[in-house]
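As recorded in TrEMBL:
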type     : residues : note
DOMAIN   : 23-288   : domain 'NADH:quinone oxidoreductase/Mrp antiporter transmembrane'
DOMAIN   : 290-343  : domain 'NADH dehydrogenase subunit 2 C-terminal'
TRANSMEM : 96-115   : transmembrane segment
TRANSMEM : 127-146  : transmembrane segment
TRANSMEM : 152-171  : transmembrane segment
TRANSMEM : 178-196  : transmembrane segment
TRANSMEM : 202-220  : transmembrane segment
TRANSMEM : 240-258  : transmembrane segment
TRANSMEM : 278-298  : transmembrane segment
TRANSMEM : 319-343  : transmembrane segment
């Protein structure tokens, strides 16, 4: 891809995200979302592979539908209340339409079908952007309007996303699809708590972004796209594979790693809100995603494949952790002892 085109797309992505998260007016927020959509499309389609073109079309159609719904929702609210302020969303129909639009943009169940397919058709770095940066503007809109939205509907979306994200990831062999369903499952946890403690949603998103970035950057360095390749990558970069295993276990939410913190705090908050049954259900459903995280971790650290493989054995190279990946890995695995400090900052 032309460096100038890549620079324009990157600047547009940062600008679109900044416009949306800093705006108070619906039209400005919608404009930021549109800039984001148009900026990421060349990055998805840059390989000119048929699967990449298919992913681009799917992404464009779903995001266009969601943007139209957001515009329709804001116009309906302005028509009935005379307000274009994002925090003044009071019309019931507008609230429902906005919830559906944000669910489509984020890839929440039952609007999740586009997300794994788009990630599968993208490169690992573009998939990282789709899983992290592109989720920030819709989540910001959800945070700003969380007090107006239907809590029961959000809880239903959260439980469904955690269930389907864990269930559909069980049988996948492509790492990008597994991480797509992982993203859907984590979004379920964020949406579950957004009406009760928005700051906790922000913390969960930040920690999810750190852990997911570590996994994607590590996989891009090892050049692993499927589990069968991961089986023999140990001989190539043993240290990197070991850190990938720890980060995957952290994503699964196992103590004493960083990923345990947001789940622990969310369960605690749900219990305080007298939603113990919901906390129990979402905790049990997270065991589904724990299975495929453990499978990925096993594949990344196995030293001898259990069956014959068609892949040529790779020579061990001198590749080591680069500085950004090393910093992200440290953050992904060692932040749990700082929980009291982080809680006081919320």
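Along the chain as shown, residues are numbered 1 onward.
Placed from the backbone N, Cα and C atoms, the Cβ positions cover glycine too.
Counting only same-chain residues 6+ beyond the ends of the transmembrane segment (127-146), those with a CB under 8 A from a CB of the stretch are 13, 16-17, 20-21, 29, 32-33, 36, 40, 43-44, 70, 86-87, 89, 95, 98, 102, 105-106, 115, 118-119, 176, 179-180, 183, 187, 190-191, 194-195, 198, 201-202, 205, 208-209, 212-213, 216-217, 220. Beyond its flanks by at least six residues, the transmembrane segment (319-343) meets 203, 207, 210-211, 213-214, 217-218, 221, 236-237, 239-240, 243, 246-247, 250, 255-261, 264-265 of its own chain at Cβ-Cβ distances under 8 Å.
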